[in-house]
């Protein structure tokens, strides 16, 4: 049952598709992004996430700070009366102006790198695609240009980090760990601020009114976003900036800070910490090397920009995706040689599957199918979709290579890599395994969401594709 109908604003801005047209028909006419209407289950889930997600993040970080990363001891203390919620809250570090200064400098630095330094890496790095690149066509039929310079931003940022650590000594390499919980409050302020700004902007001065979606439900609009590609000016794109910069660039810096803290506390860096830094570093570098490819993924092609991306990129990603390194600061683990080799192989094989699966899709798109996948010309399903301006577009869905094994085999590789990060931490606590649990839920949910949108977008063409490739992630299982 829908929570509400589309608002009058939606009807005015999308009158060419909304008069006498239900939600399903709207999807087929070009609005294939997020949902038009909200059922009660989705609404309750949205409200619960808005209310409790920040405290979930706080709980995990606090558990490390106060309970050596045990996720059960805080609950046990509360149950037995040994501690109360105010006790736990008061023992946690609070907001500090030092952290606010650090975070403000960090975000400002990333904005400057993003906006003021056009990409040069594509001029001298063979195979790297950077500079000005086109994104995917939006539901309204718009094709945006992006300045792809994430790899350059990552290189400059880390050059500054290492120059400071070994030469300038402006700040301690442990600065991130030492201010971790105060930085959490700063990240929350930015996450909610940018989400609220994007929400208001969608109503008052949207970048493209035809790419807006209003469900009529305040909470769902706020969380899942109204605007498809909110921008300030021609180049500051909210999606591209907040997902990659400052969130993912921070990922490797956070891990380096954890390694520095291990060195400070114990006089050495464990092989498990090195494994986490290497495996997650490969993942981060892969993201920026293939940032132009990212423009064609679900985050850019389907998701609208709201709290889900704005707050999630500022808080959820940097504070929960780095739990393995945080855990290893409090619980250093030295793995046997065989375990190191096993975890490393699992991570590298997972990365290979993840990258090659995505590479095959990218190669297929760039050549319009005129290429070879696994030594032969790829097979595909021809289909079409219609943008909101009524224009019909042709598309091809590949059913060869890894894409013939499962419809989302890249997620299989991603999950293998995620499990390797967790296994590097041993089996002492549950906390480091939150990542694989979360990623499994996220990718299965994303798989279902993506397939619903593809079904709405391609119609019978998608049915022919799923008949040709029946499995989603795990061959013969799911």
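Glycine is no exception: its Cβ is also placed from the backbone N, Cα and C atoms.
The region 'Disordered' annotation in TrEMBL covers 1-25.
Listed by sequence, the residues of this chain that lie at least six past the ends of the transmembrane segment (40-61) yet keep a Cβ under 8 A from its Cβ atoms are 1, 3, 71, 74, 92, 180-181, 184, 188, 217, 219-220, 222-224, 307, 311, 315-316, 319-320, 323, 326, 431, 434. Residues or ranges marked as transmembrane segment by TrEMBL: 40-61 (among others).
Per TrEMBL, the feature transmembrane segment maps to 151-168 (among others).
The transmembrane segment annotation in TrEMBL covers 180-200 (among others).
Annotated transmembrane segment per TrEMBL: 305-323 (among others), in sequence order. When Cβ-Cβ distances below 8 Å are used as the criterion, the transmembrane segment (305-323) is approached by residues 50, 53-54, 57, 60-61, 184, 187-188, 190-192, 194-195, 198-199, 221-230, 238-239, 242-243, 246-248, 250-251, 254-255, 258, 280, 299, 431-432, 434-435, 438 of the same chain, each at least six residues removed from its ends.
The transmembrane segment annotation in TrEMBL covers 335-354 (among others). Counting residues 6+ beyond its ends, the transmembrane segment (335-354) has Cβ neighbours under 8 Å at 270-272, 275, 278-279, 282-283, 286, 402, 409-410, 412-421, 423-424, 426 in the same chain.
TrEMBL lists 418-444 (among others) with the feature transmembrane segment.
Sequence-distant neighbours of the transmembrane segment (151-168) (same chain, 6+ residues past either end, Cβ-Cβ under 8 Å): 109-110, 113-114, 117, 119-121, 125, 128, 130, 245, 249, 252-253, 256, 260, 284-285, 288-289, 291.
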